[in-house]
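Pulled from Swiss-Prot:
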- Asp52: Ca(2+) binding site (BINDING)
- 81-109: domain 'ITAM' (DOMAIN)
- Tyr92: phosphotyrosine (MOD_RES)
- Tyr103: phosphotyrosine (MOD_RES)
- 72-114: region 'Disordered' (REGION)
- 1-27: signal peptide (SIGNAL)
- Thr56: site 'Important for interaction with transmembrane receptors' (SITE)
- 28-42: topological domain 'Extracellular' (TOPO_DOM)
- 64-114: topological domain 'Cytoplasmic' (TOPO_DOM)
- 43-63: transmembrane segment (TRANSMEM)
Amino acid sequence: MGAPEPSWCFLFLPVLLTVGGLSPVQAQSDNYPGCECSSVSPGVLAGIVLGDLVLTLLIALAVYSLGRLVSRGRGTADGTRKQHMAETESPYQELQGQRPEVYSDLNTQRQYYR
């Protein structure tokens, strides 16, 4: 099978420290002898990590399910809107040939504003 990937090695580190009789928090506090920090047991630390993973998965599942519900609702509204637009006339006016009287009318109005 080969050696585990580097990310898996970090997951085994707390287990190895616990088997060795040293919790991960105690290993860090040994580096700072003046620190009077309360130690966290490995069970509490594992509970925090697992709880975080479970909550993250629940949030992802909720976002996914809500996303599917919203897209279904929009799909039906778009379908009826497209059918309604097909039944009515086009909102655009068709182009007609050049009409010089429109432009000549604009030129006469411009003289009044000068």
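The backbone N, Cα and C atoms fix where each Cβ goes, glycine too.
Just so it is clear, the model here is predicted, and its values are computed rather than measured.
Structure coloured by features recorded in Swiss-Prot.
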residue	record	Cβ neighbours (10 Å)
Asp52	Ca(2+) binding site	10
Thr56	site 'Important for interaction with transmembrane receptors'	10
Tyr92	phosphotyrosine	6
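Mean pLDDT for the domain 'ITAM' (81-109) in the predicted structure: 66. Between the CA atoms of Tyr92 (phosphotyrosine) and Thr56 (site 'Important for interaction with transmembrane receptors') there is a gap of 50 Å, rounded to the nearest whole number.
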